[in-house]
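Chemist: The structure is given below, and queries will be raised subsequently.
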Amino acid sequence: MTISPPERGSDAKSQVEKVDNPATFELFGKPGHFDRALAKGPKTTTWVWNLHANAHDFDAHTSDLQEVSRRIFSAHFGHLAVIFIWLSGAFFHGARFSNYSGWLADPTHVKPSAQQVWAVFGQEVLNGDMGAGFQGIQITSGLFQMWRAWGITSETQLMALAIGALVMAGLMLNAGVFHYHKAAPKLEWFQNVESMLNHHLAGLLGLGSLSWAGHVIHVSAPVTKLMDAIDAGQPLVLNGKTIASAADIPLPHEFFNQDLLAQLYPGFSAGVGAFFSGNWAAYSDFLTFKGGLNPVTGSLWMTDIAHHHVAIAVMFIVAGHMYRTNWGIGHSIKEIHEGQKGDPLLFPATNGHDGLYDFMTNSWHAQLAVNLAIGGSVSIIVAQHMYAMPPYPYQAIDYPTQIGLFTHHIWIGGFLIVGAGAHAAIAMVRDYDPAKHIDNVLDRVLKARDAIISHLNWVCIWLGAHSFGLYIHNDTMRALGRPQDMFSDSAISIQPIFAQWIQNVHAAAAGSTAPNALAGVSEVFNGSVVAVGGKVAAAPMPLGTADFMVHHIHAFTIHVTVLILLKGVLYARSSRLIPDKANLGFRFSCDGPGRGGTCQVSAWDHVFLGLFWMYNSLSIVIFHFSWKMQSDIWGTVNADGSVAHITNGNFAQSAITINGWLRDYLWAQAVQVINSYGSNTAAYGIMFLGAHFVFAFSLMFLFSGRGYWQELIESIVWAHNKLKVAPAIQPRALSIIQGRAVGVAHYLLGGIATTWAFFHAHILVVG
């Protein structure tokens, strides 16, 4: 720790400025008010596109970093308000239009639904039989499972949450207005990183986890224990009364009664005395370390989850006391940065991390890039944990929800990581001052960019040629009727020995790292089959040649995505082709007339290309997950204990050829969506076709040039002039960048909605 004399701590002073900036709606009536050229109003149709492109580009409105910071801060409150309204809608649907109580009573047979279609012109065909006499649309968001884990036992509680979320939305909107128009933080407040770290670590994460642990201990754990006992057919008795249904469970405030809780968890009778006397073992019945899954619900033990949040809280509250603020003790981020000098042999940046502190505290794009990269990676990690360590009751046997949650978190992660590339490039163009980064680590990376990119390119070629080559070989051998010459588990076997070793290590490590645990970290790692209601909740995942092959396709596509994004960042300011790129900005179509071959080279264009490869990459990831789970994990458990998998284990033999992926996965599993008309999944059939159309529409923007459209427009304008109906606003073809933006947006929207319909129609029927 860097300890310094007391005078090094800065004195506390007001970091908020009283401003008189009246909140008015007048500006809403002046489109383009933020830009002098746009404020004059539209002369051509390009105006509306520039309006959309620049409305949120605060850097373009003003160069005052304090003003930009205040706008972003205020917008965050607006964003939170929208989130609370969205949450309120989810709670309201659960309270008003759902079969939540019916699902709670029989979660293994009743399907979750929170929407019923009104019969206006025959749409009621979409209302499927959810069980227990309820007709509706099946939801796959995991909300019911999450609500049960929270301890919600009735629709009345959901309605209270819906109202509470609206109140919170109102508070957030008010805070957003107040902190921009009345009392706005000064720039130094936004740049006070030590205070921010202390508050975010100890406050948001530490006390946030502690308060959630309190909820889990005092509400979730007792409620889920009572619910689990009902579901297991062995209801518990509280105060002499048998708790036979959700309606019998005490309301959350009744659990303030320590004696009531002690009947479920005797550790509560120890009170807080055990905490202060160090007798923490007294709490071991509600702060557990069991490991594995609850056999009744197929989810993590609620008492393990409580223990986890207590531990996280302790860690982060400690972490929130590490940084130097008004007292001269603790870490200084600037000193930590400037203390990093690099390795003279491996990384000879003589000035180490000098200049990075100022870059990260003056460039919000640089800060955002780091946060998006981390946030995106965390989202992808969450996707993996949702099936390997399912946290919510009955989530693991709701296969449509499991595919939905995996796909959702994978795609969110992909978009955030591409966003990281975008904002890193913007930071390089707008905020990077070469004079402040002489021979530091960032400067050295930029100097080595040719070596980095050419090596990464070589890796991509190697991975692509070899991984695709394995498939080409297998397709050729299968086409020629030579299965004995294929790469497969039964012929030329290529086992993923490293992945299998990791599985074994995880399975074995739990015994030494958590000796009192009852089970391992995850059943996926060489565990055992956990069945709930006759369905597989979790099971060991066998890995073989097919997994080895598709994993190297993943490696290839992910490396190409990284190559595109990293090249965009490292060459954002200059390149051999365009040495003065920084002067042209983040997005430009070409380097002016007379410079052939300089189009589509801006940092923006790298983000554009990166989005396609991100989509490519993650489509294969979600297809792999969906097929692997249906083939080797998910299914029904027979009376003799054997498992009948949904696709009968066909992954190992079919996923080793391209034809197998097309025939036994895409085509075989598209049966339900193609044949959905007239059934309750018909909407997915229409969506499947509609999304294909949106995808095809995108190609019109991606495969034709601007000149083509300008010629067409001029011909159409001529016809309008002939009829004397010429528009006052002159029509213009989209610019190259506008056209590519419209194209990629529809490409991704069409692709994602097609996949959504394909997954849902199939798994809702077979899952």
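Backbone N, Cα and C atoms are what each Cβ position is placed from, and that goes for glycine too.
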Chemist: Name the residue range among 97-121, 197-221, 247-271, 522-546 that Swiss-Prot annotates as transmembrane segment.
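Modeler: Residues 197-221 are the ones Swiss-Prot records as transmembrane segment.
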Chemist: Starting from the Cβ of Y708 (chlorophyll a binding site), draw a 10 Å sphere and report how many other Cβ atoms land inside it.
Modeler: 10
Chemist: Look over the recorded stretches 72-95, 305-323, 364-387, 403-429, 548-566 and say which has the most C-beta pairs under 8 A to the transmembrane segment (606-627).
Modeler: 403-429
Chemist: With Cβ-Cβ distances below 8 Å as the criterion, list the same-chain residues six or more beyond the ends of the transmembrane segment (451-473) that contact it, or say none.
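Modeler: Non-local partners: 445, 486-487, 494, 549, 552-553, 555-556, 559-560, 562-563, 566-567, 570-571, 656-658.
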Chemist: Below 8 Å between Cβ atoms, which of the listed ranges 72-95, 197-221, 305-323, 681-703 makes the most pairs with the transmembrane segment (158-181)?
Modeler: 72-95
Chemist: Give me the Cα-Cα distance between H692 (chlorophyll a' binding site) and M700 (chlorophyll a binding site), rounded to a whole Å.
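Modeler: It is 13 Å, counting Cα to Cα.
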Chemist: Quick one: of C590, M700, which of the binding-site residues has the smallest count of other CB atoms within 10 A?
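Modeler: Result for the binding-site residues C590, M700: minimum number of other Cβ atoms within 10 Å at M700.
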Chemist: Near the Cβ of H692 (chlorophyll a' binding site), how many other Cβ atoms are there if near means within 10 Å?
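Modeler: So the number of other Cβ atoms within 10 Å of H692 (chlorophyll a' binding site) is 15.
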Chemist: Apart from its near flanks, which chain residues at least 6 from the ends of the transmembrane segment (72-95) lie with a Cβ under 8 angstroms of it?
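Modeler: That would be 58, 114-115, 141, 143-144, 147, 155-156, 158-159, 161-163, 165-166, 168-170, 172-173, 175-177, 179-180, 185, 190, 364.
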Chemist: Should the transmembrane segment (403-429) and the transmembrane segment (305-323) be scored as in contact, given a threshold of at least 3 Cβ pairs under 8 Å and pairs 6 or more apart?
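Modeler: By the criterion, they do not touch.
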